[in-house]
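Colleague: I have a structure I would like to understand better, so I am pasting it below and will then ask my questions one at a time.
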Amino acid sequence: GTPQKYDPTFRGPIYDRGCTDVVCCVLLVIAIVGYVVVGVVAWTHGDPRKVIYPTDSRGQFCGQQGTPNEGGSRLHVSASPIQICVSKCPERYLAYLSASRMPGEMEYYRHFCVPEFKNLQKAPIEVLKDRECPAMVIPSTPLARRCFPAIRAKAGVVMVGNETSYDDGHGHRRSVTELLEGAKKANVVLETRQLAMKIFEDYTVSWYWIIIGLVIAMVASFIFIVLLRFLAGIMVWVMIVMVILVLGYGIFHCYVEYAKLKGEAGSDVSLKDLGFQTDLRVYLHLRQTWLAFMIILCIVEVVIVLLLIFLRKRILIAIALIKEASRAVGHIMTSLLFPLCTFFLLCLCIAYWASTAVFLSTSNEAVYKVFNESACPFSRQTCNPETFNTSNVTKLCPDAQCLFAFYGGETAYHKYLIVLQFFNVFMFFWLANFVIALGQVTLAGAFASYYWAFKKPDDMPAFPLFSSFGRALRYHTGSLAFGSLILAIVQVIRVTLEYLDHRLKAADNKFAKFLLSCLKCCFWCLEKFIKFLNRNAYIMIAVYGTNFCTSARNAFFLLMRNIIRVAVLDKVTDFLFFLGKLLIVGSVGILAFFFFTQRIKLVQDTAPPLNYYWVPILTVIVGSYLIAHGFFSVYGMCVDTLFLCFCEDLERNDGSPERPYYMSPELSEILLKGNLEPSK
């Protein structure tokens with residue numbers, strides 16, 4: 001943790017370096033090979049059709065060509081364990097007892113029986129006992145190749161189909177509310193389906209406008225970054241003023257809407273009384289909504305103004321650092337495109353993890369068990385439906401049947417499926433963190449080569465970004481694997497804690513919930529600290545080529561020796577970058593809001609008709625933030641690298657002709673005066 005001494009041979013990122021953390025590199029390679037093996041085994045045993053196509057009571061797929069059941073949907077009867085593949089869902093109430101007494105009705109009912117059911121003269125009690133037909137069918141609607149009860153409410157009256165009662169087959173009429181308990185989850189699914197269908201319709205009519213909004217956000221972000229290159233100081237102050245004005249306009253608009261709703265019928269209903277509504281436009285007719293928006297914007301505005309007042313001198317220092325970062329990015333323009341490479345590799349990690357998870361979850365085999373009505377020694381034992389009729393079981397237990405029970409397996413592979421799923425999640429975190437680390441160390445090496453060039457940009461290498469990327473992969477794969485491994489372990493622990501918290505929600509053990517909350521908070525803080533430490537350790541790796549532990553230790557103590565500068569510069573620049581993202585996202589979001597709500601008269605007829613206008617608006621806002629974050633992440637890494645190099649420069653040199661600073665004159669003029677001047 002001792003300060004660096006003057007070294008006349010030091011000229012920035014060391015080229016003569018060796019491999020670091022080789023053991024972790026070997027572990028990563030072994031883990032990747034194991035991950036590929038797990039994926040191959042999962043793809044061999046898995047069957048994604050189990051996710052797409054439902055199965056009947058025998059475990060056979062519905063709607064799959066070439067299978068015994070080519071019907072499109074599965075009819076699940078909640079009153080009995082029978083599940084049947086049908087060509088279409090039932091459209092009316094009908095009990096088997098009623099249908100068996102009328103030949104015409106029986107022809108209709110046969111569509112909802114097993115394909116082997118041919119004997120129409122068979123006693124109804126025998127048919128139901130052999131589970132060849134359901135006891136009753138009710139009006140249903142298809143969803144994801146499954147038939148769900150068509151439950152809806154009209155004027156406060158619960159209806160299934162268009163009926164409020166049904167015939168139970170014994171000549172009695174029963175209320176459909178008796179079906180609700182067994183179909184509550186189905187009703188939730190249907191409501192979700194309706195919401196999903198409306199959202200999908202909104203996307204189909206607005207997708208090109210969403211793309212236009214994202215292109216506008218990309219162009220605005222690029223223009224903002226280019227302007228920062230030449231007008232960093234002016235742009236930062238313009239950005240601050242624009243954010244304040246946008247927030248001020250938002251407050252004014254909320255007040256106008258709040259005052260406009262005064263006296264209107266229903267506008268004084270509270271948000272609590274209204275409850276959750278899928279159509280968010282309902283909330284805009286409430287005064288309480290606009291009052292809440294106005295209070296939130298006022299708080300944000302006051303906080304930003306107070307921060308600007310108390311940090312006005314520090315903002316000047318941060319602007320100087322941003323100017324230097326702008327010059328560095330200007331000399332390495334390819335750095336703005338590098339996040340696309342990181343994004344592509346992250347997409348590969350996500351795709352491999354998701355596909356492996358699907359194949360692992362569908363690797364189970366159909367398990368058949370013996371079901372019987374009378375006493376039988378083979379009850380609930382596994383069986384083979386192909387040889388069941390010729391086995392001894394049917395002789396000893398005449399009423400026994402070999403039916404599909406569940407998906408599972410008895411092999412070692414099936415027993416350890418949960419372990420393989422855990423390994424899949426762990427490897428996803430490890431590889432995703434490794435990809436992010438590779439991007440950070442590549443950018444750090446490129447920007448460090450700019451800082452440590454005495455004559456900028458003449459002393460810089462020809463292709464700093466590509467040379468930094470090559471050094472990172474050739475020498476420091478192990479160090480990047482080490483840092484990402486530590487972070488992955490913490491993230492997996494956090495995921496496990498979230499899973500336990502989800503399972504304990506229904507429990508009444510308050511001490512366990514309190515302990516779990518404390519653990520979640522502690523590991524959240526630990527993850528944030530490790531991310532901060534890793535980021536700075538990767539900068540030291542890019543500059544000095546040391547192993548991960550040495551780099552992390554040197555970075556930590558270097559930051560501790562400059563803790564005031566860290567608190568002042570790092571957080572202020574983060575705050576300014578946040579304002580930049582807020583300006584871009586807010587501007588594009590406001591433009592999308594006025595366009596999709598048809599409040600721009602020039603293009604009022606161009607806006608598409610929507611069920612929920614918040615769907616494209618939220619999509620544009622989230623996409624704009626991701627785009628802006630991608631551009632500003634390069635600047636953030638550049639500022640962090642230059643700041644760490646600046647601290648190293650202060651410890652190595654003193655500004656004399658024999659030991660001159662490597663920082664630019666503009667940067668030294670701001671950073672080396674007043675309270676921030678280093679002690680001689």
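Glycine too: its Cβ is placed from the backbone N, Cα and C atoms.
According to TrEMBL, the protein has these features:
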type     : residues : note
TRANSMEM : 21-43    : transmembrane segment
TRANSMEM : 207-227  : transmembrane segment
TRANSMEM : 234-252  : transmembrane segment
TRANSMEM : 290-311  : transmembrane segment
TRANSMEM : 332-354  : transmembrane segment
TRANSMEM : 427-452  : transmembrane segment
TRANSMEM : 473-493  : transmembrane segment
TRANSMEM : 537-560  : transmembrane segment
TRANSMEM : 572-596  : transmembrane segment
TRANSMEM : 612-632  : transmembrane segment
Colleague: Between the transmembrane segment (234-252) and the transmembrane segment (537-560), do 3 or more CB pairs sit under 8 angstroms, pairs being 6 or more residues apart?
Modeller: no
Colleague: I'd like to know if the transmembrane segment (21-43) touches the transmembrane segment (473-493) in this structure, counting it as a touch only when three or more C-beta pairs sit under 8 Å and are separated by 6 or more positions.
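Modeller: Yes; at least 3 Cβ pairs under 8 Å.
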Colleague: Quick check for me: are there 3+ Cβ pairs below 8 Å between the transmembrane segment (207-227) and the transmembrane segment (572-596), leaving out pairs under 6 residues apart?
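Modeller: These two stretches do touch.
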